[in-house]
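Feature list (source: TrEMBL):
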- TRP31, SER65, PHE66, GLU67, SER89, VAL90, ILE91, PHE122: 5-amino-6-(D-ribitylamino)uracil binding site (BINDING)
- GLU94, THR95, ARG136: (2S)-2-hydroxy-3-oxobutyl phosphate binding site (BINDING)
- HIS97: active site, proton donor (ACT_SITE)
Amino acid sequence: MATAGKNLSDYDKDELPDARQMRIGLVVSQWNPEITEALYQGARSTLLECGVSDGNLLRWDVPGSFELPFGCKKMIHREQPDAVIAIGSVIRGETPHFDFVCQATAQGIQELNLRGEVPVIFCVLTDNTLQQARDRSGGRHGNKGAEAAVAALKMAAL
Ligand SMILES: Nc1c(NC[C@H](O)[C@H](O)[C@H](O)CO)[nH]c(=O)[nH]c1=O
Ligand SMILES: CC(=O)[C@@H](O)COP(=O)(O)O
């Protein structure tokens with residue numbers, strides 16, 4: 001089902017684990033800050049709604065999505081969170097750079113999951129237009145940050 005067929009902010013609280021003791025990291029890309037800040041707020045508010053303590057949220061910023069894997073790896077090593085949410089927004093430009101950034105970021109995050117013990121959630125929008133990104137970061141399709149927060153709690157309890 002495409003995003004257009006569902007709301008990214010919908011979730012069932014009854015399906016979620018007890019999150020009161022969980023420590024969740026959020027690594028946020030500074031590229032397209034209108035989008036990444038909206039994703040961060042969606043993730044943060046959902047985590048708080050689901051019982052995570054504000055003091056157990058840790059935010060680090062990185063320059064762009066390409067730096068998300070390194071930032072997540074460093075946070076995991078230094079802080080040992082129960083899960084990390086990697087937040088980014090990649091919007092297609094005139095050149096193939098979009099493809100390289102998206103592939104490298106996705107591959108890097110997947111390698112952290114497969115090689116490590118701390119789940120890293122892929123909260124990276126990869127859109128053709130700014131409007132598509134707005135639609136998925138609190139617009140008509142909901143907020144992917146909320147979806148990522150739910151995934152983080154479920155994976156932290158796995
Ligand atoms: N164009 C976008 C970028 N580009 C920057 C890279 O992510 C990286 O920071 C740079 O190549 C230096 O290593 N990043 C995004 O997150 N979103 C974009 O649309
Ligand atoms: C995703 C990107 O790196 C992209 O926004 C850069 O734009 P351009 O391909 O026009 O240089």
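Using the three backbone atoms N, Cα and C, a Cβ is placed for every residue, glycine included.
Note that the coordinates shown come from a computational prediction; the quantities given were computed from them, not determined experimentally.
Long-range Cβ contacts of TRP31 (5-amino-6-(D-ribitylamino)uracil binding site) within its own chain (separation 6+, distance under 8 Å): PRO63, GLY64, SER65, GLY88, SER89, VAL90. Under DSSP, GLU67 (5-amino-6-(D-ribitylamino)uracil binding site) is assigned to a helix (H, G or I) in the three-state scheme.
Of all the recorded positions in the list GLU67, HIS97, PHE122, the shortest Cα-Cα distance to ARG136 ((2S)-2-hydroxy-3-oxobutyl phosphate binding site) is found for PHE122. For the recorded positions HIS97, ARG136, counting C-beta atoms within 10 A of each C-beta gives the highest total at ARG136. Between the CA atoms of PHE66 (5-amino-6-(D-ribitylamino)uracil binding site) and the residue listed as 'active site, proton donor' there is a gap of 11 Å.
Taking every pair among TRP31, SER65, PHE66, GLU67, SER89, VAL90, ILE91, PHE122, the residues recorded as binding 5-amino-6-(D-ribitylamino)uracil, the greatest CA to CA distance is 16 Å. There are 6 other CB atoms within 10 A of the CB of GLU94 ((2S)-2-hydroxy-3-oxobutyl phosphate binding site), with all protein chains counted. If you compare every pair of Cα atoms in GLU94, THR95, ARG136, the residues listed for (2S)-2-hydroxy-3-oxobutyl phosphate, the longest distance is 23 angstrom. The 6 Å Cβ screen around ligand 2 retains nothing from the binding-site residues SER65, PHE66, PHE122, ARG136. THR95 ((2S)-2-hydroxy-3-oxobutyl phosphate binding site) sits 20 Å from GLU67 (5-amino-6-(D-ribitylamino)uracil binding site), counting Cα to Cα.
Selection of the binding-site residues GLU94, THR95, PHE122, ARG136 by a Cβ distance under 6 Å from ligand 1 yields an empty set. Summary for the binding-site residues VAL90, ILE91: the Cβ-based neighbour count within 10 Å is maximal at VAL90. DSSP classifies PHE122 (5-amino-6-(D-ribitylamino)uracil binding site) as strand under the three-state reduction. Just so you know, of the binding-site residues SER65, SER89, THR95, the Cβ with the fewest other Cβ atoms around it within 10 Å is the one at THR95.
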